[in-house]
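Presented below is the structure to which this report refers.
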Amino acid sequence: MIIAPSLLAANYGRLASEVARHKASGAEWLHLDIMDGHFVPNLSFGPGIVKTLRPLTRTFFDVHLMCSKPEVLLPLFADAGADQITVHVELGERVAHLLWKIRSLGLKVGLAVNPPTQLATVRPYLPQIDTLLIMTVNPGFGGQEFIEECLPKIQQAHTWRTSGPHRFHIEVDGGINERTARECARAGADVFVAGTALFGKPNLKAAVARLRRAVEQAIPPSESDTPAGRKPSRITSRQ
Ligand SMILES: O=C(CO)[C@@H](O)[C@H](O)COP(=O)(O)O
């Protein structure tokens, strides 16, 4: 299981100490939401900020591009220190090339799917990816309600993973708290992104521990550790 606090809910006035809070929290990944004001109706931050955070931690930088033109941004985020970059399946025919490009930059490859988009759209790309990000809110803003109708997508992706030849993480993002993380874990998710429920809390370490416990209670460790089960290779910090 991987816990990935989303920096979107951190205090942007003191990002260095927010990264220090993350470092002490026991969370495996740091999730970095990049919004361009076009693909989603909001702006967040760019590669310059990511680059300033990189020397502060060795944690895995999980960069989620909610952007209409990732082509121009991929090299910038690779240079800034991303470990994984995720692009959206909604970008259509450009997706295969984008995934190839991320890999060619030496990074882990993620593919995201929005709540209204059919899960079948991601299936052709499963051989190319390390992580499938199933959005459980419509992206653009933190603090939204988890969309329960996304649970069958997680179950379907988990079935593909256990019955097919491709291993990939199933990441969930949006409205994740102890209750919804439990539901997602039962459905097959193994990476849990949360903003409000983690950086939004004064004690990040305690919040990470609570979320982890909730997931562990939903999934017995024996099941989650089975090689043929839900666990692909687990990279949590820079080599
Ligand atoms: O990508 C997004 C929102 O677009 C997420 O990563 C949010 O940052 C999650 O925030 P919470 O729903 O946990 O507050």
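Including glycine, each Cβ sits where the backbone N, Cα and C put it.
Remember, TrEMBL labels are computer predictions, not curated facts.
Residues or ranges marked as active site, proton acceptor in TrEMBL: Asp33. Around Asp33 (active site, proton acceptor), the C-beta neighbours below 8 angstroms that are at least 6 residues distant in the chain are Ser6, Leu7, Leu8, Ser44, His64, Met66, Pro139.
Around the Cβ of Asp173 (active site, proton donor), the same chain contributes Ser6, His31, His64, Ala112, Leu133, Ile134, Met135, Thr136, Val137, Val193, each under 8 angstroms and 6 or more positions distant in sequence. Residues or ranges marked as active site, proton donor in TrEMBL: Asp173.
According to DSSP, Ser6 (substrate binding site) sits within a strand segment. Per TrEMBL, substrate binding site is recorded for Ser6, His64, Gly140, Phe141, Gly142, Gly143, Asp173, Gly174, Gly175, Gly195, Thr196.
Marked as divalent metal cation binding site by TrEMBL: His31, Asp33, His64, Asp173.
Per TrEMBL, region 'Disordered' is recorded for 217-239.
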Structural state of His31 (divalent metal cation binding site), classified by DSSP into three states: strand
Three-state secondary structure, which DSSP defines for Gly142 (substrate binding site): coil
Listed in sequence order, residues with CB under 8 A of Gly142 (substrate binding site) and six or more positions away: Ser6, Leu8, Ala9, Gly195, Thr196, Gly200
Which listed residue (Ser6, Thr196) has most other Cβ within 10 Å, given these are binding-site residues: Ser6
Coarse DSSP state, helix versus strand versus coil, of Thr196 (substrate binding site): coil
